[in-house]
Structures are given as structure tokens and as C-alpha cells.
Amino acid sequence: MDDNSIQQSLLADNPNVLQWKPSEGVNRFRRCRSTPSTDPLQGPPEKGSSVKAKELFKEMRPSFRLVGLLLFIYLLVGVLAFYAVMDEISGKRTNRVLDALYFCVVTMTTVGYGDLVPNNDTTKLLACAFVFMGMAVVALFVSKVADYLVEKQEVLFFKALHTNLKGGETKMLRAIETNRIKYKFYTNALLLVLSIISGTVFLWKVEKLSLVDSFYCVCATITTLGYGDKSFSSKLGRVFAVFWIITSTIIMAQFFMYLAEIYTERRQKMLANWVLTRKMTKMDLEAADLDDDRQVGAAEFVVYKLKELGKINQEEISSFLEEFEKLDVDHSGTLSPYDLTLAQSAQ
């Protein structure tokens, strides 16, 4: 297989890599038609263009409405179930319906204050079932609601930091895309601080706890420790707790997730910088020479760098080449609409 066929086989169908096209004595790069534009304000893709993998996986995820519906069904069933067995739950009572909802939320978020506890086997088994179901619902809800809250705020947050940014809205959106994880982390941290402040002030003013005890209760709640010595005991307090506990625990979970994501992204950037700046050696050239012709073309060089970055491995390259050979019906080393027609008719 000559160098041109390798370049075609490895890059022609890859929408994220620049395709190499030899010209009269000049090496030029052109962007494939299916490659996404760098302009974030570009309109929707043309009809017939390839679907991005990111958009495909996004469509596979449960929608916000579906997650919200699951949460509503969980809370509704939980309220009905715990309302029916409320006489078998010991602790300080306020309102039967409110206490059932409060107990359901505390169970779902695994806070577990201990101010309301089941006191017979049936109620204990019911609580165990709702713990596991609640954790699954919370996991879905975290990924949707927190992303929604953060993404709504990150553009405003960026504008506040870069009010004098030159280049207009296009440049601003490009900068947001580049630093998306960082801005999500900053926005989430701000929401976490607001959640801690609001919970502390409410416990201090409404539940009449001391300022230290209020902050202590907030920390025990958002980290789902739930020591139980301090909790929401009034009717108004439990109404507030139903909404605040769900929101604050979600924000806390997202905070640590974005923190880990920033650390991972930083390590990836360090690796990429090392790969892109280190000098090539003869051993590197031998490893990059896929067709053993003692020459490394642009396609082979790009694939070798992607392998170093961990973006692709040899098994994936081999599978791509196998797919190419199946589609290359006339064995010309290139793909044409005629090849695709023959390959599809043979299947």
C-alpha cells in the first residue's frame, strides 16, 4: 500500500483530522467538509453531513423531562408509602404529609439525620428499598439539573470576568468553549457558597440554632454525613429542607466531579504539551512507519502522535484499515461512491 493510500485510508473518513493533499511541489492542508467549524456561531450542519459522536451520545442520554418525571414519581410514591406507615416511624412530627415528604428526601439523598426513624421490620425494609431507588434517581438528576444550572450561569460569569474582551461575542464563545470545565467549576463553587450561606442563615434565624451549630448542620447535610444531633425540626424548616437538601447535595456532588475533571484535564494538557514539543527520534520514525516504506507521511505522523496522546490505539487503527479494505471493492487504495455502492449491494 503506497503512502497516498495510507493517508486516504486513515484520514479520509475522520472528521476531526486535517486531510493531506499533495500539490505541485507544495504540501498543503485542507479541511474535510465533514470537519466541524471552529466558529461557534455557525448554523446547523447541512443536510447529509455526518452526525457528531458527541451529539449522538447526547441524544442517548435521558432527557431533562424524563429525569424530572422520574424524580416526581419517586417522591409521589415515597410520600404515599411513608404517609401510610408514618405511625411506625418515630421522631418529632410536624405534619403527616410534610413529614413523609421530608423523610423521603432525607432517605433519597442519604443524609439520614435520624430525627425520623422506622421502628419495625416492614418500615425498615421499605426505607432500604427507597434508599437504593433514590440513589439511582439522584445520580440521573445530578447529571441533568446541575449541568442545566451551571451552563445557564457560565456565560454570565464569563462576561463578568471579561467585560473588556476584544473580538466580540464570537471570540468570547470560543474562549468559553476552550475553558468550559474551568468556568463550570467556578460557577458551581459560587452556587455551593450561596447554598451554604442560605442554609446557615435559615437554620440560624428560623430554627434558632447558634451560628456555629447552623454551619455545622449545613456541612453535615451537604456532605450527606447527617450526624442527626442538629436538623430541621419546625414545619417551615422542613418545607425549606425538602428543596434545599436536594439542591445543595446535587451542587456538592457536581463540585467534586468538576474538581476531578479539572485535574484530569490538566494532566492531559501536560501530556499533550510533552508529545507536541519533544523531538522525534529514529525509533519514533520506525514506529510511525505503518507501511514499512522507510518514509513517514503526514497521515502516519498524525496517527503516531494521536497514539502517543492516547487518543487512539493500534487495535482501533487495525479495525479502521480492515473496514477500509472491505469498502475498497476495486482495490484501488481509494474510496469512491462506486466503491460504496458495490460494498452496500454486497451486504
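Each residue, glycine too, has its Cβ placed from N, Cα and C.
Taken from TrEMBL, the feature region 'Disordered' covers 29-49. For 64-85, 122-142, 185-204, 239-260, the entry in TrEMBL reads transmembrane segment. Residues or ranges marked as domain 'EF-hand' by TrEMBL: 315-347.
Each residue in the domain 'EF-hand' (315-347) has a pLDDT score, and their mean in this model is 82. Within the same chain, residues 62, 67-68, 70-71, 74, 78, 81-82, 85, 88-89, 104, 107-110, 246, 249-250, 253-254 sit at least 6 positions outside the transmembrane segment (122-142) and bring their C-beta atoms closer than 8 Å to a C-beta of that stretch. Helix, strand and coil counts under DSSP for the domain 'EF-hand' (315-347) come to 23 helix, 0 strand, 10 coil.
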